[in-house]
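The next block holds one structure in the form of structure tokens; read it before the comments.
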Amino acid sequence: MHFSVRLSLFLTLASSLPLVSAVPQHEDQAYTFSSSGRSAATDTDPALEVRQETQRTPSAWTRLRDSLVESVWGLPQRSEGCESRPRNRAKTVSRAPATLQARYGEDVVLRFTIKNQEEVKALVEASNILFLDVWGSHDDWVDIRLSRDVIPSLLGLLPPSLQTSHVPLIRDLAQTIYESYPKAGSASPSQQGPTTRRFSPSASTSKSKPHETKNIFFQDYQPLSVLLPWMRLLVSMFSSHTTLISVGTTAEGRDIPALRVGVHPTNNAQQAPRRRTIVISGGTHAREWISVSTVSYIAYSFITGYGKSKSITKLLEQFDYVFIPTVNPDGYAYTFSTDRLWRKNRQQTSLSFCPGIDLDHSWGYEWDGNATRSNPCSESYAGDQPFEAVEAREIASWARNEVTVNNVHFVAFVDLHSYSQQILYPYGHSCAHLPANLENLEELGAGLAKAIRKSSRENYDVKAACRGIVASCTGDKDADEPATSSALESTAGSALDWFFHDLDVRFSYQIKLRDRGSYGFLLPREHIVPTGKEIYRAMVAMGKFLVSPHVLEEDIDGLRASEEPQDYDNDLEDGEDDKDEQGSTVFRAQADDLQS
């Protein structure tokens, strides 16, 4: 077609189209709260408005115009072997579905800055009166989830200093929750349940660094329907030193699966010595997904590291490791199918509309459920008696049986939680009761924190558990006994204290994982591998300490660059990475088959 004819057609088309003018958006408004009413201004995100604009269906004129332009002018040919420059398009964002909007649409998470014990006490009392969900706390802050409509009531119960000392941590809880679900398949409760969830590499897998794509399992949070086959696959591939066991049965009848990893003498004539065992658990609170992924990461690293990493091989010859990815399978499954922020188990209580018991408050040592006995709706409900929670009772029975029947000596217990980056040691129920081996607990705790810091530069505080869930104040932080009224939640009846006191596990810790910043329990999937790496490094340091305490410091300081977590199997010695390729390739191929 002659150029003049093309130009005439184009000008004719252009003259018939409506004029559109670009109007700049107003400046972003601040998101503030007032004790006298709802939010003073709704949060306006210009970038979001642009993204929403790009998602609108093009008009008939626009489609006709584009079609004519393409037919008249043609499209530029793409060069062989290289990509054309991508168009400058705004990134589209999928919005949270109606089911999530209905459940969480009016909820936000506020972070309060705490300056003294009086403020702590006032915040605790107000939270109890309004039945608020206290997410977490650290030395000088407390995070609380609540509905926007409740904000005026909360601020009205607080002293003037707290009415202005807060900021929104999560402004759009429904959207943040929606984005936390696995990307592959369906992971949101608005679509299909966890039983039909299939895992596959994320869209960005091909662009990731090589050491970050060795196992697609850790590219996202995995539901129970993927976790269990993955554990079976590990056992089938590494049966020489890995077995799948059950440590109990849940309230809904599910097994509580665990991986036992260790190398035992092959000489049957030789009497087996008492086996030293380390338990690493996660998922006690269902919504703390990062704890499940981290236990799985450590288990995978230990299992695949045997025979290739000198450190791991030595540790597995010295100890058995029992990895329990989720102590609370019922609750964990429920977070994928129904309520992402569910905390307790799914056991029936005296109130049919308030099911669930807090597993970490149901253990027998220093159980004190009086504070929540009359309120099964409380997030910290401990039941009406010790060990009323089925899962806590089952795991305690398994542990006792291991000691009395199977000649097991538990030497360490590590319970992973989130969030706030803290390493906590006994006791949790009271700061007045000091452990007999306090110095050893503090020494190893400091070693774990240092190993993490050397691995990822992340800082984890080391303190007694009784201080870990108490918002510290500007007074004497080393006082022997913090005011009991300042406890943000009950600390009695914890697994940490029970294993330490009743089972005599001398090195018991609760580690609160990432982060301290903006995500709370909704840590993005990009943090799965970094968190796993740093805690894996800490568990290697713990094993070395238990083998020979005096070498811990020099081991951490003397880590060679090749041993830092730059590779996926991050404890490999020089020259050992290549030896892992064949075995890891076979395992990855089997894992790929699992999704089909």
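Keep in mind that glycine also has a Cβ here, set from the backbone N, Cα and C atoms.
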Same-site residue for Zn(2+) (record: Swiss-Prot; known: H285, E288; options: H166, H409, H417)
H417
Which of C354, C431 is the other half of the disulfide bond that Swiss-Prot records for C377?
C354
For H285 (Zn(2+) binding site) and N370 (N-linked glycosylation site), determine the Cα separation and express it in whole Å.
21
For H417 (Zn(2+) binding site) and N370 (N-linked glycosylation site), what Cα-Cα distance in Å is obtained after rounding to a whole number?
24
Integer Å distance between the CA atoms belonging to N370 (N-linked glycosylation site) and E288 (Zn(2+) binding site)
26
Once DSSP output is merged into helix, strand and coil, H417 (Zn(2+) binding site) belongs to strand
Across the domain 'Peptidase M14' (220-546), what does the pLDDT come to on average, as a whole number?
92
